[in-house]
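According to TrEMBL, the protein carries these features:
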- P6, S8, R13, D220: L-glutamate binding site (BINDING)
- 1-35: domain 'Ionotropic glutamate receptor L-glutamate and glycine-binding' (DOMAIN)
- 53-162: domain 'Ionotropic glutamate receptor C-terminal' (DOMAIN)
- I152: site 'Crucial to convey clamshell closure to channel opening' (SITE)
- 52-71: transmembrane segment (TRANSMEM)
- 123-148: transmembrane segment (TRANSMEM)
Amino acid sequence: DFAVGPLSITAPRSVVIDFTTPFMEDGVGIITKKPDIGSDTMFRLFKAMQPMVWACLCASVIGISFVIYLVNHWSPYSQPNSCTTEAQQLRVFQCFWSALGSTLSQGSEFQPKSSSGRIVLGFWWVFTIILVSTYTANMAAVLTITIYDKPINSLAELASQSEIKPLVKVGSNLETLLQEAKDSIYRKIWHMKIESGLIVITNEQALELVRTRDTAFMTD
């Protein structure tokens, strides 16, 4: 008798079966349930940049507002230092509104009259142009490509947590490997499988458990 198929070569099988030369080598994969991304759809607008970047942007808007106010206040062309009718003394809120409007690519009626204040505001405009261009490019990538955060990326991560239970098909070479392995990670995964009490005989059973429960199916 002989059999043709994708049969894995293991030590116990080699005792009673004469295998041909291996025609393909394959690694072990872990199948987990696809993460649910529906809950964070409304916050996808802010995913174009990291939270630290958003925090720095808010701090920059506040900081540049005070810089424009101080530069314009100490300028000889500001209202306290000039008697001309064109002189203008901007308040802090007006400077903040001008900086925020520039960040959102909108205009503002409050603009510094002094050359020094306009130079500072001009540098801020250049910064906002680069920032908006970067945000637009990143936002296009976020809306085009969906990146899932995998719950399990390696056997070490599977062994270091307790929520997701490992699944191994009965009689497979992976079951033999985990059962007889002396490595600490493999042994821990085997004990996790025993403690879960989940037994799968076919791939269909394993995939159904992956869809309905917090499990990870190890297969080759």
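Each residue, glycine too, has its Cβ placed from N, Cα and C.
In the predicted model, the domain 'Ionotropic glutamate receptor C-terminal' (53-162) has a mean pLDDT of 80. Taking the centre of the Cβ atoms of P6, S8, R13, D220 as the L-glutamate site, the nearby residues of that chain (Cβ within 8 Å, site residues left out) are L7, I9, T10, S172, N173. For P6 (L-glutamate binding site), the same-chain residues that are 6 or more apart in sequence and have a Cβ closer than 8 Å to its Cβ are M24. Cβ neighbours within 10 Å of R13 (L-glutamate binding site), excluding its own Cβ and spanning all shown chains: 13.
For I152 (site 'Crucial to convey clamshell closure to channel opening'), the nearest neighbour among the binding-site residues S8, R13, D220, judged by Cα separation, is D220. Using DSSP to sort the residues of the domain 'Ionotropic glutamate receptor L-glutamate and glycine-binding' (1-35) gives these counts of helix, strand and coil: 6 helix, 3 strand, 26 coil.
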